[in-house]
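Asks: Quick one: this structure, given as structure tokens, is what I'll be asking you about.
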Amino acid sequence: MTTLTNQKPLGVLFMAYGGPENLGEMPGYLADIRAGRVTSQAILDEITNNYRLIGGKSPLPEFTRAQVEATMEQLASTGRPLKAYIGMRHWSPWIEDAVREMLDDGIEQAIAIVLAPQYSSLSVAKYQKKIKAALEMNHGHIDFAYIDNYHTEPGYITALADRVRIGIQEFPEDERDDVHVILSAHSLPVRIIKEGDPYADQLHETARLVAAQAGLTDEQWSWSYQSAGRSPEPWLGPQLDEHLRDLNEQGIKKVVSIAIGFVSDHVEILFDIDIAAQEVAHELGMTLVRPPALNTDPLFIGTLASVIERKAAEVA
């Protein structure tokens, strides 16, 4: 790795969505996601039950901590003192608290990265706005360098392509030519496309690179969104359950499902794919395989370290 000569500590703020670490935190967590809007008892009960079915908590905070620890280990040889901070958008440890801690520690320069490879005004930009608001609230200044996206990084693409192969290999060798791969990501409102948001384009670029590296033909894979919100406005589709039904009508019975927009296990994988999508597949007589999420995969951790190191060199 490049040796950086500036010895002033450089902060590295890792940001993720956040998630409840027990069922008792669900009301507050949902209230934050819904910006204080009242959550009906029916919705609260439904989502609480979803979390109960995946173990009674979100594994995202734990995986985020592990990802940060592994990334910082790789960055230890950069030559410049680095200090990691974790901030969540919708639950503790809050982004605002992380920024306050950075100010208290005397951090003057920092890198901010969201654990989401594709940029959107409704995702990554929201995290960055929280940083700026926290600085204003605390009347402080930190020179932040933002990593907006890393959706085409070779290590990230290779790690996902490896998961395609892992999923296909779950099927008997004589059936693998019949396996169809679904690549998916969290849906967002359709209006972002009209506003020129790059989210969908970046997802499709990632998907094409993954499919090519995995050696898939155009007929062997397709794209789907998942986990659409509950607002009445149109959301990007098709949704995963609808897509499974469409594939079934085409005679496809063996499927590998990989959520390329998520970098760790959480409810949108463990419930939306492992439970909800599996129920649809079972109903249709399909076999659905979901390979492991990236979590602390060395290739993905190497990707995070690489993009952070490059950004650190820019601000040195």
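Cβ from N, Cα, C; glycine included.
Just so it is clear, the model here is predicted, and its values are computed rather than measured.
Sequence annotations record features per position, and here Swiss-Prot assigns Fe cation binding site to H186, E268.
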Asks: Can you check what DSSP calls H186 (Fe cation binding site), collapsed to helix, strand or coil?
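Replies: For H186 (Fe cation binding site) - judged by DSSP and reduced to three states - the answer is strand.
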Asks: List the residues of the same chain that sit at least 6 positions away from E268 (Fe cation binding site) in sequence and have their Cβ under 8 Å from its Cβ, in sequence order, or write 'none'.
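Replies: Correct list: H186, Q226, S227, A259, F262.
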